[in-house]
Amino acid sequence: MRYTDTRAVVETGFLTALIMVFTFVGVTVPFMGFLASILMPAVLVVLGARHGVRWSILATVTMGLVMSVVLTPLGALMQVMTSGIPGIVLAYGYIHRWSTSRLLVLPAVTMMVTIGIQLMIAQYVMQMDIVTMWQNFQQEALTEMETAYREQGLMDEQVTAMMTSVQAMLKQMAYVLLAALFMSSVVISYFICAVANIIMRRTGGEGVTLPPLEEWRVPQWTLYMFALGVLLTYWGNELQSEAINIVAYNMYALGSYMLVLQGIGCLWTIFKSYGLSNGIRLVLIFITLLMQFATMWIGILDLILNLRRRLSRRIGDE
């Protein structure tokens, strides 16, 4: 279906206004920022898919200019970098029908780059000491937890042991920050594509094909990356090397997340083979995610033994 430039201008104006509404809601209403970070790029994707990427760029620039007047120029720049640029990248991939891996990974990398730029702006332009803020957060968390433990009547030895464990956990959180940020960006990209697909199909357009849960598979090298992460974690602790620990924990975390996705796909296929409804399958998947380590091992076994193929053969033989 061909659209005239007049229709493109009208739709761009309407969708730009909608984007600004989502942005204002995300900025002003607590806990709505995540929803706005999905809806705003999804609208840009729909606009780009219907009329071209240049209209998505125009909508982003217009939104940034208007928000710079209503909010602040720096705040508008932050919003454009947070949702606008990843939305434009997704729109480009949407139009050119990228593969699922590229459609999820490249926008996720874009999000990480924009977040890094925002941190640099906060550090050097807004004069916010990010490192000191993180250290203060750690210290406050440790102080509050130690107070809570002592109020429970624990002995000094028990409090010391538990605080040592908490300090190690906070240190690991800092190590795996990159892997967690990347995987969360991939998940956000998936939700953006899913929302854009719903809008496109409701308006008579064609969305991209996202693999269903039973087709969720990760590359074989995920297993090797996970194993190498485990080994490097041991070597990093033995050698007391901060650089090795950072690489090791991120490889371990990224491999774990990917293996959990493999396990979810395998479990969904198994549940589906027994004729369970979608609702029951979702409940069971949610329960298994509470035991994330077990789900990860199911993903490992699926990569090694191909449980899905073995299950389909068994069902076929019966």
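Cβ atoms here come from the backbone N, Cα and C positions, even for glycine.
Copied over from TrEMBL:
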- 12-45: transmembrane segment (TRANSMEM)
- 57-81: transmembrane segment (TRANSMEM)
- 101-125: transmembrane segment (TRANSMEM)
- 173-200: transmembrane segment (TRANSMEM)
- 220-237: transmembrane segment (TRANSMEM)
- 249-271: transmembrane segment (TRANSMEM)
- 283-305: transmembrane segment (TRANSMEM)
Beyond the flanks of the transmembrane segment (57-81) by at least 6 residues, Cβ under 8 Å: 12, 15-16, 19-20, 23-24, 27, 43-44, 47, 87-88, 114, 117-118, 121, 125-126
Long-range Cβ neighbours of the transmembrane segment (173-200) (under 8 Å; 6 or more residues past either end): 37-39, 41-43, 45-46, 49, 86-87, 90, 94, 103-105, 107-109, 111-112, 115, 134, 206-208, 210, 245-246, 249-254, 257
